[in-house]
Protein chains: 2
Amino acid sequence: MSDRTEISTLGEFGLIDHLTKNIEIQNASSIVGVGDDAAVIDHFGKQTVITNDLLVEGVHFDLMYTPLKHLGYKTVVVNVSDIYAMNATPTQIILGLAFSNRFSLEALDEFYEGVYAACEEYGVDLIGGDTTSSQKGFIISCTAIGEVAPDKYTKRSGAQKGDLLCVSGDLGAAFLGLTLLEREKRIFQESPGVQPDLEGEKYIVGRILKPEARKDITAFFAEAEITPTSMIDVSDGLSSEILHICKQSEVGCVLYEEKIPIAEESRQAAFKFNLDPTACALSGGEDYELLFTIKQDDYDKLKDHPEISVIGYITDEEAGAQIYTKGGSKHPITAQGWNAFNG
Amino acid sequence: MSDRTEISTLGEFGLIDHLTKNIEIQNASSIVGVGDDAAVIDHFGKQTVITNDLLVEGVHFDLMYTPLKHLGYKTVVVNVSDIYAMNATPTQIILGLAFSNRFSLEALDEFYEGVYAACEEYGVDLIGGDTTSSQKGFIISCTAIGEVAPDKYTKRSGAQKGDLLCVSGDLGAAFLGLTLLEREKRIFQESPGVQPDLEGEKYIVGRILKPEARKDITAFFAEAEITPTSMIDVSDGLSSEILHICKQSEVGCVLYEEKIPIAEESRQAAFKFNLDPTACALSGGEDYELLFTIKQDDYDKLKDHPEISVIGYITDEEAGAQIYTKGGSKHPITAQGWNAFNG
């Protein structure tokens with residue numbers, strides 16, 4: 001970067017002014033935004049849905065291969081995805097950032113460019129936050145707020161025996177994209193002259209660096225008058241999310257390996273890395289697809305949707321959560337999603 | 001500590017279960033709490049007030065002299081203080097934590113003990129959050145949510161010429177407490193055998209380690225039917241907060257040095273450290289008192305309140321923000337509050 005403005009030249013409040021001066025409020029519910037002790041929201045008879053995520057440099061992202069603009073975009077996506085997973089509509093975000101003095105104003109501007117792009121894409125307002133320094137690294141805290149008609153939210157705990165288990169989009173690509181980026185990073189560190197080989201890998205790299213939340217799926221539910229009985233977003237891998245639904249709904253399930261949607265690009269990448277594509281879908285994280293259950297009666301309403309796959313069904317709790325493999329055998333599903341504490 | 005349980009033995013979800021298993025919901029507005037993609041709040045015709053703070057080890061707190069239980073308590077206090085500063089009532093919090101593997105389960109339990117104690121004191125429910133690892137240090141993100149009758153919140157921007165400038169409690173003690181703790185830390189590092197000398201300093205140390213938010217002041221406003229015209233909490237020092245009100249209200253002010261409330265314990269500590277008590281009040285931070293303006297007509301309603309001081313009045317914007325010293329001279333007020341980026 002040719003220009004570098006030290007953040008200390010602005011001070012904390014100058015910095016906040018700079019980063020938030022172009023905000024245009026999109027939601028009537030955003031009554032008081034950035035610039036006071038707190039923001040004020042009025043959802044006019046709707047209920048408020050709220051979630052928070054912390055993203056830590058070196059744990060959740062690596063700035064060596066993550067452009068700051070993408071990171072800003074992804075920060076918003078990760079959070080609104082949780083709001084969609086409640087079958088609600090995101091309306092506001094609050095952003096807390098801590099960063100060391102290795103970050104320039106230009107770097108923060110890039111990050112906010114991504115934040116604002118995502119705010120526009122998902123129709124949410126940035127209404128407040130906190131900006132502070134860290135001794136080391138970049139730390140992001142994002143709180144997303146949404147709205148839902150009274151008692152129309154979808155929890156993880158509503159799945160019942162006989163319901164169909166469905167998932168949007170395809171799975172495993174983000175994990176494979178990350179695997180590729182980590183490999184290229186190692187190669188670069190060993191031989192800095194070698195150019196990264198991302199040829200033909202645009203899809204999987206895009207899935208990890210610039211994921212999207214499935215606002216189209218909740219919009220489709222409203223249009224098709226489908227009320228999922230339970231829902232969760234796939235952030236830790238399909239296995240882990242299925243087990244959350246089973247545990248909280250007190251049910252078991254049958255999952256068919258052959259029904260798990262995996263993109264052709266992912267299969268090819270898995271082959272190259274000598275990985276099992278199904279394992280990538282089950283245990284890889286960060287797909288941000290929606291996993292949900294519906295009543296069998298709703299099957300006809302979604303059976304032709306190109307972005308929804310029926311991957312199994314709900315059983316009694318006693319039957320446990322089982323996967324039927326392509327080879328015809330049956331195994332209990334175990335959580336091997338990303339566990340930040342096993343690092 | 002004699003017992004140490006590694007967090008990795010529980011996994012992320014086991015940890016969340018452990019930390020949140022004893023939550024008892026206090027507010028009817030907390031419809032869905034911990035354990036789903038997001039929490040759901042229904043404020044039943046009231047408006048929602050929301051704020052976020054990030055606390056970073058080594059920047060905002062030093063675990064060498066901050067007990068984890070106090071830190072948990074303070075985390076909640078710092079956030080609900082922002083809700084009171086909107087003249088609203090806090091109802092829920094969401095907590096995001098990142099920590100390295102140097103923290104044991106027992107350490108986290110201690111932190112949560114403080115969080116739950118504060119939740120009880122301030123009547124708020126912990127309804128969600130995120131728990132993750134960090135490469136280094138302890139990072140806390142707290143989002144506080146509150147409620148207020150429609151359009152009854154108090155912003156920073158409502159002060160008008162002739163309004164009285166008031167502050168609750170006393171100022172500067174937290175800064176002096178911090179100064180003392182930093183001194184004792186240096187002494188300990190140089191001569192580990194020397195016992196800390198905190199004799200007679202309980203008040204100032206308590207103000208930095210276990211501050212309280214002024215829920216009594218907003219309760220008094222309701223009871224006495226006072227609507228402040230503007231309000232802010234004193235987290236960065238009196239000067240900085242006064243300038244926020246002046247800037248956002250487009251007014252000036254006169255502040256009388258002799259009216260600034262400073263506890264006798266603070267004066268004595270300032271004397272020992274060779275510091276000016278007024279400077280500590282103006283530029284020290286973390287008092288979490290409320291600074292507010294009222295119409296002159298409301299003066300009689302609060303003049304006998306032992307915890308409220310009238311410290312000046314609002315003037316035209318052109319007159320600027322001025323302090324009249326005890327010596328009879330006049331100076332412009334300058335922001336020398338804690339600036340995290342000038343470190």
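Using the three backbone atoms N, Cα and C, a Cβ is placed for every residue, glycine included.
Summary of the site annotation: TrEMBL records Mg(2+) 4 binding at B:Asp37, B:Asp82. Screening the candidates B:Thr48, B:Thr51, B:Thr66, B:Thr91 against this entry identifies B:Thr51 as the one listed for that site. Those binding-site residues from B:Asp37, B:Asp53, B:Tyr112, B:Gly129, B:Arg156, B:Ser235 lying by chain A, with Cβ under 8 Å from one of its Cβ atoms, are B:Asp37, B:Asp53, B:Gly129, B:Arg156. For the recorded site, B:Tyr112 (ATP binding site), the DSSP three-state label reads helix.
In this structure, the C-alpha atom of B:Asp53 (Mg(2+) 2 binding site) lies 17 angstrom from that of B:Tyr112 (ATP binding site).
Of all the binding-site residues listed here (B:Asp37, B:Asp82, B:Asp236, B:Glu286), the one with the fewest other CB atoms within 10 A of its own CB is B:Glu286. Checking each of the binding-site residues (B:Thr51, B:His60, B:Asp130, B:Arg156, B:Asp236) against B:Asp82 (Mg(2+) 3 binding site), the C-alpha distance stays within 10 Å for B:Thr51. Across the structure, B:Asp37 (Mg(2+) 3 binding site) and B:Gly129 (ATP binding site) are spaced 10 Å apart at their Cα atoms.
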